[in-house]
Number of protein chains: 2
Amino acid sequence: MVRTTRQRTAVAAVFDQLEGFHSAQEVHARLRAEGDTVGLSTVYRAVQALADDGELDSIRTDTGEALYRRCSTRHHHHLVCRSCGRTVEVEGPAVERWADRVADEHGFADVSHTLEIFGTCAACRDAAAPAG
Amino acid sequence: MVRTTRQRTAVAAVFDQLEGFHSAQEVHARLRAEGDTVGLSTVYRAVQALADDGELDSIRTDTGEALYRRCSTRHHHHLVCRSCGRTVEVEGPAVERWADRVADEHGFADVSHTLEIFGTCAACRDAAAPAG
DNA sequence: CGCGCATGTGAGAACCATTGTCAACTGCGA
DNA sequence: TCGCAGTTGACAATGGTTCTCACATGCGCG
């Protein structure tokens, strides 16, 4: 049975207030800052449980760190700025179909996929090359 | 200046003999097994240098572990069996174009992307449901 | 060919995100 | 309210990766 505890509610609440992706460590720090003490292990367990429930979406950074965010209702992918981490949600129905078809052609079932696009956003490019 | 050393040659050679993705740890173990002792740190440095040079492609597993493989001439993605780990290379020029276009539309430059498709291959499905 | 030194190496420690441990705690149904 | 199974949290352990630093060596130069 899954219980509703102060800690889980607090973790879920963080993602309600936040946009974009955040690490378990960050959530933990944020709770502490708000005076809401929740153990680090508990935060990890909570975000994993939330992700299992499909309430959070997770990706991994370049360094292998796990990031989570509130899952929106529709399936989509992410365009992430390498420099500032800004994230844009993008959709591509054609890509979804393509992935399913390719998998099917190779006899694979129960198909899922991950797709992330990385680049440098305009703001960061400007910041990096201020002189021209 | 970049030097050609026994160690770097050995690491590069491993990827010549191997197909698919392999971790730095695995490369290290393989070299040891061949009697070719190369330090773990050196293997890490070598694969990173190779990846920087564009000679190796890298992805991250679900657990955050970094995997590398010899970059083939053409860009492609992977269809991976969740159960047995079998990997099939797939190409989708349309996907490439879509990713570049989407990133461009949002003002992102220097674009790259990762796309992996997961599923259960026919063999594993048969093995899992022998009676049905 | 031999010198010199900047670059590379490697054993082990450090790092850091994540997971495991386990005794104490607490929702929640009865 | 009671009981207990799920939950918590401080801390240790894990494991991949990076750092440190003294030693080794490729390679340009003479």
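Note that Cβ sites are derived from N, Cα and C of the backbone, with glycine treated the same way.
Annotated features, as they stand in TrEMBL:
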type	residues	note
BINDING	B:HIS75, B:GLU96, B:HIS113	Fe cation binding site
BINDING	B:CYS81, B:CYS84, B:CYS121, B:CYS124	Zn(2+) binding site
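Annotated features, which come from TrEMBL, shown on the structure.
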residue	record	contacts (Cβ under 8 Å, 6+ apart)
B:HIS75	Fe cation binding site	B:GLU91, B:GLU96
B:CYS81	Zn(2+) binding site	B:THR87, B:PHE118, B:GLY119, B:THR120, B:CYS121, B:CYS124
B:CYS84	Zn(2+) binding site	B:CYS121, B:ALA123, B:CYS124
B:HIS113	Fe cation binding site	B:GLU96, B:ALA99
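Considering only the binding-site residues B:CYS121, B:CYS124, the Cβ with the fewest other Cβ atoms within 10 Å is that of B:CYS124.
In three-state terms derived from DSSP, B:HIS113 (Fe cation binding site) belongs to an extended strand segment. Reduced to three states, the DSSP call for B:CYS81 (Zn(2+) binding site) is strand. When secondary structure is read from DSSP and collapsed to three states, B:CYS121 (Zn(2+) binding site) falls in the coil class. Candidate binding-site residues B:HIS75, B:CYS81, B:CYS84, B:GLU96, B:HIS113, B:CYS124 yield B:CYS81, B:HIS113 as lying near chain A, with Cβ-Cβ distance under 8 angstroms. B:HIS75 (Fe cation binding site) falls outside any helix or strand according to DSSP and counts as coil.
Other Cβ atoms within 10 Å of the Cβ of B:GLU96 (Fe cation binding site), summed over all protein chains shown, number 16.
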